[in-house]
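Features of the protein shown, as given by TrEMBL:
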COMPBIAS  127-140  compositional bias 'Acidic residues'
COMPBIAS  141-157  compositional bias 'Polar residues'
COMPBIAS  158-168  compositional bias 'Acidic residues'
DOMAIN    14-117  domain 'PH'
REGION    127-179  region 'Disordered'
Amino acid sequence: LEEITPKPVRDTGNILKQGYLEKRCREHSFFGSEWQKRWCVLNRRTFYYYANEKSKQPKGNFSIEHYSARLAFHLRKDSRKKCCFELICPGKRTYEFTAPSPAEAEDWVDQIQFLLKDLTSLTIPYDEEDEEEPYNDVDSSDSANTTSHNTTLNQDEPNVEMEEDDIYEVLPGEQPNKW
């Protein structure tokens, strides 16, 4: 379970959206409410939820990377069902929320989707199958071997003196350029 170091609301940096939402509890007692009002804060990578907007420490938080956000009218049967949305990630906990209005729920979903699109565009896909040995032109053992190898090759070739101008190959049927 990935944990992010809790930070006070004002220290979360780059707040994109914040406001009160009702968050569905994982464990709720028969007498306790299934939905609890939480001050929620979305920054560039993390979703925080607090007891209220004056709270110094979050009740919880999670990285939104790899999550998806969508409206979820099935979460409630009452008049607020069009205010619901959820954050889903395969293999991780699903977070369910109720916003104050349907428009606010849509705005939360839009903000999160925009952020997720931005996060994926900044991530360069990495495929292990395409992995190659890293290029290293500083490795002393390789450069020593290359030098001695080149020296050996050069010793087998006859010494050919070249004029400074003869650096280009002259193709058959062409006249060499003389300046």
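Glycine residues also receive a Cβ, built from the backbone N, Cα and C atoms like all the rest.
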Secondary structure tally of the domain 'PH' (14-117) (DSSP, helix then strand then coil):
22 helix, 38 strand, 44 coil
Just to confirm my parser: what is the rounded mean pLDDT across the domain 'PH' (14-117)?
94
